[in-house]
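Look at Swiss-Prot and you will find 1-20 tagged as signal peptide, backed by sequence analysis. According to Swiss-Prot, the domain 'TBDR plug' annotation covers 38-152. What Swiss-Prot lists as cyanocob(III)alamin binding site is LEU83, SER85, ASN92, VAL110, SER111, ALA251, THR309, ARG517, TYR551, and the listing cites sequence analysis. Residues annotated as domain 'TBDR beta-barrel' in Swiss-Prot: 155-614. Residues or ranges marked as Ca(2+) 2 binding site by Swiss-Prot on the basis of sequence analysis: ASP213, ASP215, TYR249, ASP250, ASP261.
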Amino acid sequence: MIKKASLLTACSVTAFSAWAQDTSPDTLVVTANRFEQPRSTVLAPTTVVTRQDIDRWQSTSVNDVLRRLPGVDITQNGGSGQLSSIFIRGTNASHVLVLIDGVRLNLAGVSGSADLSQFPIALVQRVEYIRGPRSAVYGSDAIGGVVNIITTRDHPGTEISAGWGSNSYQNYDVSTQQQLGDKTRVTLLGDYAHTHGYDVVAYGNTGTQAQPDNDGFLSKTLYGALEHNFTDAWSGFVRGYGYDNRTNYDAYYSPGLPLVDTRKLYSQSWDAGLRYNGELIKSQLITSYSHSKDYNYDPHYGRYDSSATLDEMKQYTVQWANNIIIGHGNIGAGVDWQKQSTAPGTAYVEDGYDQRNTGIYLTGLQQVGDFTFEGAGRSDDNSQFGRHGTWQTSAGWEFIEGYRFIASYGTSYKAPNLGQLYGSYGNPNLNPEKSKQWEGAFEGLTAGVNWRISGYRNDVSDLIDYDDHTLKYYNEGKARIKGVEATANFDTGPLTHTVSYDYVDARNAITDTPLLRRAKQQVKYQLDWQLYDFDWGITYQYLGTRYDKDYSSYPYQTVKMGGVSLWDLAVAYPVTSHLTVRGKIANLFDKDYETVYGYQTAGREYTLXGSYTF
């Protein structure tokens, strides 16, 4: 049956728990409703990526991990470290909520969307990815979906790894997790990654001067976590991480002015939590602080020159989550408080501003016979636009053993970001962007194939756009998104297959024109097998036709970008029980394509890596 585990035993740890692990026969997830539950009881489409998956794929960036997942469309202005956007099910990049250990990613505060090209892949131990509306649980941004990156390791030991590759890529990483007595464990990590890169922009997008240089990326990361069990029921943790990145990119050149083409990002985050894990009642309190400084400057003049820009953001968060088991399900409730502050002189916001938000929410999940019911409601009180409410509901019916029909409806919203509100062209009277979504799905297990097929519609109103005439942001846009998503995974002998298909018709509801940079169709296929102790993997991705703007001349022209098929080949060999060597060829057939018009992709790339564990 689909219901492989009782909800009474499933809800054993509170949401955002760093101890969550994959278990057999059903993976446990914590992101869907802020409490741990079997993935089969989550009615929204959910995907889990483990560190073992990331190592098997030999991914060198978070974007390379996410591009493999259903409903995800990644665009990037070139290679490693270059500006990137995540589109989920055709929604805007700002309509994706990115969490780090359950806490909102700070870097999205000023610009409004998460650029995961800057987040170190070394920190990622697990990814939980939920499609569809989730504002009734998490508040702003969760229109297209939620990506929760979990950083804490789930196994003890020490690992030393090194890798090299095309474009002078090199990576060195050391991590360890040690038990201090029976009740305490500590985790430490250090990582260094660097690539010389390549020239990402074709002449024409950079103004009157070509910039035939390598656009490289450098990242240095430190991480530490301390976890302690006070009793069988009470536990706590403290963790922190920081990274220092430098990115070289191609910028638009204006004669006589400095060429701002270097980005320097400093980011640090600290959080602490206390958990109570009783038999029927669970509770967790988390406090978090994060601080980022994002400089863009001309390296000839330095990042403190008047030509440089700085985006500086501080974020303070307090979360109190609770869960109680009732009947064949549970009820959850909690409070979120968040303050985002910009420093005076921030590029988007000249003066210093604070934005505060307090949200209260209630969630529920109950099984009644062959039916599963899920609901959530939330009210947010924002210091800028006042109170806003969202809700969602879902129902699942297992009409035949192993087969289920799911129907859901939800509302969600996106709050204006600080740049849109208070920047040089800001409008403090902006309202939130609003969404209404419907979805119907069938899923089941047929002849060893786990499959799901769903259709959805998303109507987004009050979209925030920029007016070239008034030089202000305003609420006027509307979007209409219709889509079909199909996923399946199965084994044939020694071969493991994972496949997905996405059809997305994302349009401006006023002009009936396609939304930019979204592929209308995508096919993704992962094939894994073992032969003579070698672990092999083939990744295939088809990106369909999409549209973009050519910004090299005015007026801007809409351009059509053709589809492309991409193949990756990866292999790993365990030399000993401690030493593993890995190799990968990305873009095996050296396809020439772009995800953002005018910005070149890397072509064929090679990587070779080794890891030693003890």
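A Cβ is built for glycine as well, from the same backbone N, Cα and C atoms used for every other residue.
Sorting the binding-site residues TYR249, TYR551 by the number of other Cβ atoms within 10 Å puts TYR249 first. Take the Cα of TYR551 (cyanocob(III)alamin binding site) and measure to each of the binding-site residues ASP213, ASP215, TYR249, ASP250, ASP261: the nearest one is ASP250. Between the alpha carbons (Cα) of TYR249 (Ca(2+) 2 binding site) and THR309 (cyanocob(III)alamin binding site) lies a span of roughly 15 Å. Secondary structure at ASP213 (Ca(2+) 2 binding site), taken from DSSP and collapsed to helix, strand or coil, is coil. Regional average pLDDT for the domain 'TBDR beta-barrel' (155-614) in the model is 94.
Listed in chain order, the residues near the Ca(2+) 2 site other than ASP213, ASP215, TYR249, ASP250, ASP261 are ASP199, VAL200, VAL201, GLN211, ASN248, ALA251, THR262, each with its Cβ within 8 Å of the site Cβ centroid. Counting only same-chain residues six or more apart in sequence, the Cβ atoms lying under 8 angstroms from the Cβ of ASP213 (Ca(2+) 2 binding site) belong to ASP199, ASN248, ASP250.
Counting only residues at least six positions away in the same chain, the Cβ atoms of SER113, ILE143, GLY144, LYS414, LEU463, ALA479, LEU515 sit under 8 Å from the Cβ of ASN92 (cyanocob(III)alamin binding site).
Here the domain 'TBDR plug' (38-152) is broken down by DSSP into helix, strand and coil counts: 32 helix, 35 strand, 48 coil. Taking only the Cα positions, the spacing between ASP261 (Ca(2+) 2 binding site) and THR309 (cyanocob(III)alamin binding site) is 11 angstrom. When other Cβ atoms within 10 Å of the Cβ of ASP250 (Ca(2+) 2 binding site) are tallied across all protein chains shown, the result is 26. Counting other Cβ atoms within 10 Å of each Cβ, the lowest count among the binding-site residues ASP215, ASP261 belongs to ASP261.
In the shown protein chains, 17 other C-beta atoms lie within 10 A of the C-beta of LEU83 (cyanocob(III)alamin binding site). In the three-state DSSP scheme, TYR249 (Ca(2+) 2 binding site) is classed as coil.
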